[in-house]
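Heads up: the structure comes next, in structure tokens.
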Ligand code: NB4
Ligand code: NI
């Protein structure tokens, strides 16, 4: 899990393959290990000790596996406004998204992209997603704001898209009308 694929590796630009159930032992461990990476990376001590970059999401192509699998772990917020979202998602799809656009105020960074690429990444403020868990149970959830943005970043990875593909090259900080910003 420490070896994250870097931009330039073709696996990051491929369409990932559907995962079949029941999961193989390897696929199950892949999901569990991706979540473990996020947990360890969000613990300041372990993050430093293992020289990791902190993450709130990770997609299988980022560990070199071209399969429709991703993990998301949003840390609990101080103000507790939004419910935290923790999931290992298998075969996730966005079934609907809001017209309302949103972007992270600080822009986005990706564990597979070494340099900082400034600019707003326009996304949907809310998404409804469907996915299977490691046991094959179907889930349909509606997310908004921060968790919704993370999930869109991860699902993009499964289709070979990187965050900077969405940044306006002419004007990286251009704003869509009524776009909301998430800290
Ligand atoms: C995925 C995110 C990039 C933008 C927003 C944020 C961090 C990532 C990439 C949307 C999704 C990983 C997967 C952070 C981070 C806030 C919470 C809790 C305590 C430190 C942690 C830092 F690290 N992005 N990194 N980038 N990716 N917030 N936080 N904090 O997670 O490439 O495809 O631990
Ligand atoms: Ni990423």
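Glycine residues also receive a Cβ, built from the backbone N, Cα and C atoms like all the rest.
Taking a C-beta cut-off of under 8 angstroms and a sequence separation of 6 or more, residue 153 (Fe cation binding site) has the following same-chain neighbours: 57, 108, 110, 121, 123, 163. Per TrEMBL, Fe cation binding site is recorded for 110, 153, 157.
Note on residue 154 (active site): other Cβ atoms within 10 Å of its Cβ, all shown chains, come to 22. The annotation active site is assigned in TrEMBL to 154.
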Number of Cβ atoms other than its own within 10 Å, given for residue 110 (Fe cation binding site): 22
Neighbour count (Cβ, 10 Å) for residue 157 (Fe cation binding site): 23
For residue 154 (active site): DSSP state (helix, strand, coil): helix
